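Written out below as C-alpha cells is the structure these notes cover.
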Amino acid sequence: MSLFEARDVVAGYSPTDMILKGVTVTAAVGEIVAIIGPNGAGKSTLLKSAAGQVHVAKGDISIDGRKITGLRPRDVAAAGVAYVPQEQNVFTTMTVRENLEIGGYVDAAGSRDRIDAALRRFPVLGEKARDAARTLSGGQRQLLAMAIAMMVAPRVLLLDEPSAGLSPVAARDMFATIREIADGGVAVVLVEQNALDALDLADRAYILAAGQNHTEGTGADLAADPDIRRTFLGGRQTGDQR
Amino acid sequence: MLDILPQLLVNGIITGTLLAIPAIGFTAIFAVLRFPNFAVASHATIGAFAGYAANVWLGLPAELSLVAAFLVAGLVGVVSDEIALRPLRPYGALTTAIASIALTIVLENVVRLIFGNGLRGYDLPLVRDWRVWDIRIGPQQIENFALALILMAVVFAALRFSRIGKAMRAVADNPALAELKGIDPVRIGRLTAFFGMGLVGAGGMLLGLGTSIDPLTGFRFILPIFAAAVVGGLGSIPGAALGAMVVGLGEEVALLVLSPAYKSAVGFMAIVLVLTFRPRGLLGERAY
C-alpha cells in the first residue's frame, strides 16, 4: 500500500489559474518516485501542494491514509512530511548546526542525536558546523537542506530539484544519499530537470504535462521508451547526460 | 575647543549605549514582521511613564522600575499590534508603517490623558558627579550604562542560545522555510512584538532617567532610533547596537562644530550617508 498518495489534485495560485488539473501520484515506503516533465507541467506545484504551500481546490493528499490536504505547512511537517524547496532552502544567517537545530524544532529532544549523526555522516557539514550557512558552496547547501529535512525523521521526503546547480560528481553523491534515505524506509518524491538521471535513480516515475498525468512506469521502462525519449527526454539515450 | 572632546566622547558612548536598547527593539520587529514600526515612539514614552509610575508612585528603585517599563511597553506592544497592525500586514509594509504612525499618535495621547502634559522627573537620589581628569560623569549615568549593557547581553544570549531566540532568527531569515520546519510565525510575531516593544519601553525609561519625561519623550528619540537601525543595517541586531554607537557619538562630537539645536540633524546625515554609500547598512548581512 502507498504511504504517500495525491489523488486527482487540482491546485494553483489563484482560482482562475489552476496549474494542476487532476494529478495522481503515489509513493510507497522505501520507494523513490521521480516526477518529470516539461517546464510549466506543474511538478514543483505538486510538491508545494503536498507541503501545504499551495491551495488545493480539489482532490486529496494523504500520508498513510491520513488526509493532509489543506493543512498548514507546519502541520504537514508535524504529520511526517519534509519538503526541501529548490531555492532558499537553508537559513543563510544561521550556522550549520543552528540550521539542523531548527530542522528539528518540532522534536528538539529527538533531534539532538540526529544532529550529531548528520554532522558525522556528512563530514563537510561537520567541519563547517559553526560557520554561517551562507559560506557553503551550492552542493554543500543542498546537502545541508537535505540534512535539515531529516532532523524530524520524516516518513515522506519531497525534494524539488535536489541536483540543481551541482557538479556531476556532487549530483551523483546527492543521488546516492537520496537512495540511502529511501532504503531507510522513507518514501521519496523528487522533481528533477535532469530527467535521465532521475529515471536512473527512481523506482517509478510519473511524467506530467500541462498539469495532468501523461505516463507512469518504472524508471527503466520510461527511459527505454522511444516516444517518451523523443518527447520528454530530448531523444537521447539513457546515460548520455553523464 | 578640542579640550572638551574627551567629555563629548564619554557622553557619546553613554548615549549610544542607551540608544542601542530601543534601536535593537525596532530592528528586531523589522526583521521578523518586515515593516518599520514607528509606534516605537509612543512605546518609548509608555515605558518611560510606566517606569515613572513604578518609581514615584510605588516607590520602587530604578532597576525594578525598568522591569515595569519593559513589561508594560511589551504588553501594550503586543496588544496594539494585534488590534491595529497585524490585520494590515497583508497589505504591505508601507500600509502597516503608516498605520503605526497613526497608532503612535493614539497611544501618545492616551499617555497625555493619564499623566497630563507636564514634565516629570524620576525619584532618584541626588548625588554629585564624579570627576576623572577633566571628565564629569554622574553615578546615575554609569548605572544606566551598566543596565543597558546587561540588557544587551541578555538579548544577545537569548537570540544565540534560547530555542525561542533561534526560532525568531529563523523567521527573520526565511519565514516560509521556518514555517515548513514547524515554527508558528504568528506566535513568533507576537513574541517579537512583546520583546521588541519591551526593549523600546526600557530604552525610553533609560533615556528619560538622565533628564525629565513628558508625552513627547519617545517622539524626540524616534529619529536617532531609526537612524541607528538604518546605519547598522535594518533587521541586524548587532548592526542596531553599532549604529546606535555611531549616532550617539556623532551627535555628541558634532557639538564641536554645530549648535546643540542642530544635534538631531546628525541622525538625518547618518541615514543619508549610509543609504548613499552602503545601502544595506554597516552590518546588513548579519541578522543577529
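Keep in mind that glycine also has a Cβ here, set from the backbone N, Cα and C atoms.
Whatever TrEMBL says is automated annotation, not expert-curated.
Copied over from TrEMBL, here are the features:
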- B:12-33: transmembrane segment (TRANSMEM)
- B:64-84: transmembrane segment (TRANSMEM)
- B:91-115: transmembrane segment (TRANSMEM)
- B:142-159: transmembrane segment (TRANSMEM)
- B:191-209: transmembrane segment (TRANSMEM)
- B:221-246: transmembrane segment (TRANSMEM)
- B:253-277: transmembrane segment (TRANSMEM)
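Outside the transmembrane segment (B:142-159) by six or more residues, the chain places 13-14, 17-18, 20-21, 24, 62-63, 66, 165-166, 168-169, 199, 202-203, 206, 209-210, 237-238, 241, 288 with a CB less than 8 A from a CB of the stretch. Using the rule of three or more Cβ pairs under 8 Å, pairs at least 6 apart in sequence, the transmembrane segment (B:91-115) is in contact with the transmembrane segment (B:64-84). Proximity of distant same-chain residues to the transmembrane segment (B:221-246), defined by a Cβ-Cβ separation under 8 Å and at least 6 residues beyond the stretch ends, is recorded for 12-13, 16-17, 19-20, 22-24, 26-28, 30-31, 36, 38, 40-41, 44, 152, 155-156, 159, 172, 200, 203-204, 207, 264, 266-268, 270-271, 274-275, 280-288. If one looks beyond the transmembrane segment (B:253-277) by at least 6 residues along the same chain, the residues whose Cβ comes under 8 Å of a Cβ in the stretch are 1-2, 4-5, 8-9, 12, 223-224, 226-227, 230-231, 243, 246-247.
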